[in-house]
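Chemist: Take a look at what Swiss-Prot says about it:
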COMPBIAS  106-116  compositional bias 'Acidic residues'
COMPBIAS  120-137  compositional bias 'Low complexity'
DISULFID  CYS53-CYS55  disulfide bond
DISULFID  CYS64-CYS97  disulfide bond
DISULFID  CYS74-CYS87  disulfide bond
DOMAIN    61-105  domain 'CHCH'
REGION    102-137  region 'Disordered'
MOTIF     64-74  motif 'Cx9C motif 1'
MOTIF     87-97  motif 'Cx9C motif 2'
Amino acid sequence: MAYCRQEGKDRIIFVTKEDHETPSNAELVADDPNDPYEEHGLILPNGDINWNCPCLGGMASGPCGEQFKAAFSCFHYSKEDVKGSDCVDQFRAMQECMQKYPDLYPQEEEEEEEQPADPLPEAASEASATKEAAASS
């Protein structure tokens, strides 16, 4: 026996093997051009955040999704002169969560930190200090 269940905007239909043996008489519903979740980008027309936007790269639905949503929402709705300056705690919580999942959220390494410091200026100053010490002796 088939039945249908509504979950939010989705309708889930459960069918039996017998239901599949007969041709479907289901009517397809045309896309709603006013659907607030369809192709509006990150910010919906009413100013809310579209958490389904592919531009978020799944960040809103991963293991740190709630922390991401809290930080991003705080930043989006921030009224501070330095936008988001009141969101430090939320971003810190998101960062702490992401550090627990390094495979899912790899940290970008800055090239400057990977490069060893240039040893030439230090060697040059040591050489001139040695020359000065030798000259004064």
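Positions of Cβ are set from backbone N, Cα and C atoms, glycine also.
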Chemist: Across all the protein chains here, work out how many other Cβ atoms are within 10 Å of the Cβ of CYS74 (disulfide bond).
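Modeler: So the number of other Cβ atoms within 10 Å of CYS74 (disulfide bond) is 16.
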Chemist: Among the disulfide-bonded residues CYS53, CYS55, CYS64, CYS97, which residue has its Cβ surrounded by the fewest other Cβ atoms within 10 Å?
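Modeler: Relative to the other disulfide-bonded residues in CYS53, CYS55, CYS64, CYS97, CYS55 has the fewest Cβ atoms within 10 Å.
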Chemist: Rounded to a whole angstrom, what is the C-alpha distance between CYS53 (disulfide bond) and CYS97 (disulfide bond)?
Modeler: 22
Chemist: For the domain 'CHCH' (61-105), what are the same-chain contacts with Cβ under 8 Å, counting residues 6+ beyond its ends?
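Modeler: Hits for the domain 'CHCH' (61-105): 43, 49, 51.
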Chemist: Roughly how many Å separate the Cα of CYS64 (disulfide bond) from that of CYS87 (disulfide bond), to the nearest whole number?
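Modeler: Per the Cα atoms, CYS64 (disulfide bond) and CYS87 (disulfide bond) stand 16 Å apart.
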Chemist: Under 8 Å between C-beta atoms and at least six apart in sequence, can you list the same-chain neighbours of CYS87 (disulfide bond), or say none if there are none?
Modeler: ALA71, CYS74, PHE75, SER78
Chemist: Can you tell me the mean pLDDT for the motif 'Cx9C motif 1' (64-74)?
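Modeler: Taking every residue of the motif 'Cx9C motif 1' (64-74) together, the mean pLDDT is 96.
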